């Protein structure tokens, strides 16, 4: 790929297979930077027969010549980061002088995680829980907005960090009544001890990453931006309130990494060939029959972070068109097309029809509030399947005609060229069109 700066973002509710494309391309880039999310997201990658599970670390970490960055839009649970680094080390991945963390990235503390679990459990009693991963991401971003959160750069001045963590700990415990006073003191002491040990392992990696990335770009080096979660989970534009607490869309890269908006970026959207979702929230094309069982089984649809079974359904092109409208993707990677090889017929949602009036929702629009999803029903186009193993095919022309037609229909509907097609679980199982 000749473009100097490339961005990859998911077009659904996450789990689109972004990690596979990032991993495939990042070996050709000098720097890979993650701009949002935390250890709530997850990539499961298969490279040369080895399975790698990543949560916080960018996918570029698997290639020895690639520098990796966690930007200021990422929230970092330090213990999880250290564990992830250690796990990769055991698999032969050396991140020495290859991982850098923004001084401005906010820290996720165990107390944030406790608050997250408490809120989910309380809401669950009233059937109002969001279905979060309970990783503390929401409470961390909440304290960030309240200006009581703590940036990782504060740990470079330990005395000041102790004061900030003490203040935050007692404030959160008081507001949420999570612990007694004695438990709070014990938690604070434990957190200080853990963070002193863990921070000593990555202190030299904490830098001004915004400056670093801009320098790479000015020097003409190739830079790759990796988004976490998916566009329909965006705090502002997703299926609110069943969303994450950060900006997951293409526009999030500018704040999440401190990038000049005049930088020319090739924007790549990753779209799974069918629809999945973890946790609660609207899902117009969700399946509950044998087709769900097939998608879930052959697609191995379990959350990498939580292990929860993913909800599955037919591809929702109404949602994808909505995402394309505010994202402006230049190219698309259609992932996991091979999973649909199990079906005699395949459906795609092309419109939402109002249940009372029969009126179709205008193309490019998407419901804003949860109650509106109940007012519409999906309109499907049925296409014939191909019932052929496509995992060994290397060119578009080798695909069965019905598979080609499926790809071309999506391409025409969205008005974006589908450049990559995922045909198997290995990183290299990918058709690249020209």
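Including glycine, each Cβ sits where the backbone N, Cα and C put it.
Annotation note: residue 20 (GTP binding site) sits in a helical segment as assigned by DSSP. Long-range C-beta contacts of residue 20 (GTP binding site), restricted to its own chain and to partners at least six residues apart, with a cutoff below 8 Å, comprise 43, 45, 335, 422, 427, 430. Here Swiss-Prot flags 14-20, 42-44, 310, 336-338, 422-424 as GTP binding site.
The IMP binding site annotation in Swiss-Prot covers 15, 16, 17, 18, 40, 41, 42, 43, 133, 147, 229, 244, 308. Its Cβ taken as reference, residue 308 (IMP binding site) is surrounded by 13 other Cβ atoms within 10 Å in the chains shown.
In the three-state DSSP scheme, residue 15 (IMP binding site) falls into the coil class. For 15, 42, the entry in Swiss-Prot reads Mg(2+) binding site, with the evidence type sequence analysis.
Counting every protein chain shown, the number of other Cβ atoms lying within 10 Å of the Cβ of residue 15 (IMP binding site) is 28. Residues annotated as active site, proton acceptor in Swiss-Prot, with sequence analysis given as evidence: 15.
The annotation active site, proton donor is assigned in Swiss-Prot to 43. Within 10 Å of the Cβ of residue 43 (active site, proton donor) there are 22 other Cβ atoms, across all protein chains.
Swiss-Prot lists 304, 305, 306, 307, 308, 309, 310 with the feature substrate binding site. With a cut-off of 8 Å between CB atoms and residues at least 6 apart in sequence, the same chain places nothing near residue 307 (substrate binding site). In three-state terms derived from DSSP, residue 307 (substrate binding site) belongs to neither a helical nor a strand segment and is classed as coil.
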Cα-Cα distance linking residue 40 (IMP binding site) and residue 337 (GTP binding site), given in Å to the nearest integer: 26
Cα-Cα distance linking residue 308 (IMP binding site) and residue 17 (GTP binding site), given in Å to the nearest integer: 17
Winner by Cβ contact number (other Cβ atoms within 10 Å) across the binding-site residues 14, 17, 42: 14
Under 8 Å by Cβ from residue 309 (substrate binding site), same chain, sequence gap 6 or more: 296, 301, 302, 303
Cβ packing number for residue 310 (substrate binding site), 10 Å threshold: 21
Inter-residue Cα distance where the pair is residue 14 (GTP binding site) and residue 229 (IMP binding site), in Å: 4
Helix, strand or coil at residue 42 (IMP binding site) [DSSP, three-state]: coil
